[in-house]
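This report concerns only the one structure given below.
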Amino acid sequence: MNTSDANNTPQCYSLKSPPFNYTRPISSAYFSTIFSTLGITSNLIAFIVLVKSFRRMRNRSRSFFLIFLAGLVVTDFMGLLVTGSIVVSFHFTRFNWRQVDPNCHFCNFMGMSMVFYGLCPLLLSATMAMERFCGINRPFARSTNMSKSRTVYMVLMVWLAAGCIALLPLIGIGSYHIQAPGSWCFFNISSKGSDMVFSLLFSFVGLTSIVVSFLLNTVSVVTLIKVCCGQDRTQRSRDHEVEMMVQLILIMIIASISWCPLLIYILVCMKTSEVPDANVVLFGIRMATCNQILDPWIYIMFQVSPLRSLLLKQCSPAILSGSGNCCCTSALPLATRSSTHGFISCSGGQSLRESTPALTGPGAQS
């Protein structure tokens, strides 16, 4: 009898069968609603800001970077919209998954969404770090090989890779299960069989993306410092590259803080073969969700002119001291510089050859 019941139980309910003993306060519904609404609104505003910046953009490398940012914003927006709507609906209606989704189709869809929209930002962050690494260290080779269509293809390839990983449990590598308190589905974190393979794959891909981003961004920053403030600082303006690198570093930091607790906890469970604590996993997922909420504010804040001006002035302290050694030319007040035939004259009489147009944004010349 028990064997027959086990055989008739859909896989997503085989480990935990709803309805759960839900004891959480009703405030959880309002927290979920507030965070989902805040994240969706923030990403929508960020997307509008990026579209306006892209229309004014004439700098080639920055236009590529904006395409990656747009892909990241769309991913975060859709992730919060899809998963947030399910979670908020559960908190307000307390529906029974066994009745609403007897064949696990809905649960599998949410599980795939959690994996797909979780891995995409990490993979896109690593791809953006790779693009900036090539743009700073191999600018001439990159300029001949890179195009906007190829950048779009790279974003699509990242989505395809994350989608293929998310589909693996449907072909037997891993499995999606309902998770306490019954508001969401995720893959089964286990140290046995195919569940262990998928758990290790998810954790490995996520942590590898973070490590790759860290290494490439570190090399790019060191190279940019040498070019911007070294002996060859007078060769060309790198203001736009400084801004892009700062944004990319902030994206990496937020992703690392948000995702590392969950990814590392999965590895610890695999090594120790212990059963994951549902509360710890839930906390890790909530931390990871903060990544989708905080990311868009990086793009929004960097469109505020005073913030950009402060950043670029900090890039070149020599400007503030009036020594005339300037590497971040757009940080200079308009009264202290003039542009003639592609040159910028700084207050100290030093000339910089502009290889790319100055930063664009709200209030900038298009």
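Cβ from N, Cα, C; glycine included.
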**Prompt:** Can you check which of 29-51, 282-304 TrEMBL lists as transmembrane segment?
**Reply:** 29-51
**Request:** Quickly jot the same-chain residues contacting the transmembrane segment (151-178) by Cβ under 8 Å, restricted to those at least six beyond its ends, or write none.
**Result:** 11-18, 64, 67-68, 71, 75, 97, 104, 107-108, 110-113, 115-116, 119-120, 123-124, 127, 131, 184-188, 194-195, 197-199, 201-202, 205
**Prompt:** Mean pLDDT over the domain 'G-protein coupled receptors family 1 profile' (42-299): what is the value?
**Reply:** 86
